[in-house]
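Reading through the structure tokens given below for one structure.
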Amino acid sequence: MGKYVLGVDLGTSAVKVSALDHSGQIVAQESFDYDLIQKQPGYNEQNPEDWVSGTTVAIVRLILNDHLDASNIEGLSYSGQMHGLVLLDENKKVLRPAILWNDTRSTPQREEIEAKLGDEFVHITRNQPLEGFTLTKLLWVKQNEPDIWAKAKYFVLPKDYVRYRMTGNLAMDYSDATGTVLLDVAKGEWSQKICAALDIPMSMCPPLIKSIDLAGTVTPAYAEFSGLTTDTKVFGGAADNAAGAVGAGILHPNMVLSSIGTSGVVLKYEDNADVNYHGVLQFEDHAIPDKFYSMGVTLAAGYSFTWFKKTFAPAEDFTDVVASAAKSTVGANGLLYTPYIVGERAPYADADIRGSFTGVDGTHQRYDFVRAVLEGIIFSFRDLFDIYEENGGDFDTVVSIGGGAKSPLWLQIQADIFNRKVVSLTNEQGPGMGAAMIAATGLGWFDSLQDCAETFVHFGKAYEPNPDNVKKYEKMHAIYKQVYQQTKTISEQLLDYRRAEL
């Protein structure tokens, strides 16, 4: 019987725990769902105990149902949903439900941070103080729940709380710490200036560790609870985007990730902390020690296609609808789609912009609209590539995951619009794979995450850009880039109309 590592993927709706062997093969996998607490619009919370019990149930199932010998589980690590605020008292007991990344109640606190710190905040953290980040949530509790705040002695993020319950040690890894927007990225330490300006005790900030650092071993109490042994080593882990980048092999400067889920992410490996995108793109510590990544988010990437299919092709198969785009031409016969149907994050931080089809002609067929949606999502990603190129970014390979990697046609569209080689993964497992790789590297199975990727990460067919298509898409993207400014005022007026009618 071989030795294993566990990758714990702590998501927003479920936890998935994967057991992998030395060759990177998944030998067993279990998951457990948990609930979201939505007390009113804009509020999204979870009970941290649900994460602990869900993770434990998944581990118990691996041991009992999948017959995994606990003595052969050498180590484990985590991928965690980012930004969620977990407040603990002096005895490290949870004080209130966790406020999650998708909670938007803290707009007044964001405005306060901007007023007090201005551009200096972005200079220190490399990020804007968005409602999704942890700091605004801390301030919201401070200002709206003074009794809770008076008892609060520590804050951690979701995976950190699960790790604490397993090991008895409080810590936060750098990749998650940058997402709190309390970290001085250049110095690699909690920002005294930000804490002082906002009257947040530095003592609340947990110790910082690297993703591959040993955070402890399983306690006797948790061993009895879960079936793991007290010899099981527990490593720091990473934020879900960092772990996802590791699992996709984004471990070299020449590589960029193109991820199409409900939202879309373009993520680039960064070598040093000197790169500054002035808050237009998020800038975070990577799971690789002393390395970083930048990322931009398209809010409605896969959701654009889901909306289109639900509205115009509800009874048809996803694959067939995507394939129909091949009947159209490069550039969708002169039809453009902007995927701003729920607002946009990057490069335009604009909650009121809305999507559009531009250039609709009486000769257009449904397949032209399908292709326009596929292309429009990638044009939005191309906007982010332009930012990289303007800042001297040099990369030649794009790793595509999610919905965009499931269609050869869509992979070729990406290669042509990006004008770069695009590859998919043959063993796409998302952040859970990255978490397992962190544990494997921490244990010394491999010298580095890059070495681990040589064994654990496998790429599929490479799609090379077609020079003729590249030229056509360059013309279409130049037109696409004009649509935002041309429709911004119209979108605001239409949104005002809709709100007045509600």
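Cβ coordinates come from backbone N, Cα and C, glycine included.
Source: prediction; values computed, not measured.
Copied over from Swiss-Prot, here are the features:
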- Asp240: active site, proton acceptor (ACT_SITE)
- Met82, His83: substrate binding site (BINDING)
- Asp9: site 'Important for activity' (SITE)
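Taking the features listed in Swiss-Prot, we show where each one sits on the structure.
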{"residue": "Asp9", "record": "site 'Important for activity'", "DSSP class": "strand"}
{"residue": "Met82", "record": "substrate binding site", "DSSP class": "coil"}
{"residue": "Asp240", "record": "active site, proton acceptor", "DSSP class": "helix"}
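The two recorded residues, Asp9 (site 'Important for activity') and Asp240 (active site, proton acceptor), show a Cα separation of 8 Å.
Spatially close to Met82 (substrate binding site) yet at least six residues away along the chain are Trp101, Leu157, Asp176, Gly179, Ala239, Asp240, Asn241, judged by Cβ distances under 8 angstroms. In this structure, His83 is the one among the recorded positions Asp9, His83, Asp240 with the smallest number of other Cβ atoms inside 10 Å of its Cβ.
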